[in-house]
């Protein structure tokens, strides 16, 4: 299944992704570990998204943003994990050129939109706590939809430009030293000077990311300053309970990314590269729904109500079917 490695090519039709192991038993183990992580991420984010969609009590700005965050996390894990599972299960390393382009594009799209949305959610918490009397005026439905639409549009344009500049390079090899098409690993295959444009995009990305980070820090400094002035302990706990999950998610998102990209580079640490990549690309999307739902009574209540409705509908359908059967028998 694995094509031969190609060198000094101006045109590449497939890339070779890194295997987790050459040992078949370890490949199967990796498949099941990633399957558990993937199902956990999918189920967790769906359990966040479904109640928000169907329960009108959750049709609020905070939950509207949380719904979009769940969609982005679903997209992030679905971009790379299924392909990595297929590599281990089928022992087949290759990914098509356009498949690699798609991985890079969607990973940038969901990653950029995720971070931008977390920045907007910080602003939402700031308005809710520091300016509660004008919250509904500022964070009305139209404003929330516009903000989320801007996030998706800007992230889409950024993903198009970033992906285009990455694959405008000429590649001298097709062997990517990672389990998915990670941009730094793809750029290492370049044998042209066009990669400098991509380096410029990476610098721009870091600058924008730093700006968002500074905005979030300043926002939370204002929030904590306001919370300190709340006289009642109950009021302080209530205010912090809506902020701490968001702050935790931001911390996980940032620290995993910084931890992965600021470590000293090493040519011989491919296993370590994979471990870091899993930490920053898979773990945040898996943990986010649990962080948000752990202490959120509204989501838990909506989920149980939804489950109760489904159970009642099934019981009603079963009873109705039996009643119709008895009626037809009596006739």
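Using N, Cα and C of the backbone, Cβ positions are placed for all residues, glycine too.
Automatic, uncurated: that is what TrEMBL annotation is.
Of all ranges given (274-292, 293-311), TrEMBL attaches the label transmembrane segment to 274-292. Sequence-distant neighbours of the transmembrane segment (274-292) (same chain, 6+ residues past either end, Cβ-Cβ under 8 Å): 18, 20, 34, 37, 40-41, 44-45, 47-48, 66, 69-70, 73-74, 76-77, 80-81, 107, 178-180, 182, 245, 248-249, 252-253, 256-257, 259-260, 263, 299. Of the two recorded stretches, the transmembrane segment (94-122) lies close to the transmembrane segment (194-218), with three or more CB pairs under 8 Å once pairs fewer than 6 apart in sequence are set aside.
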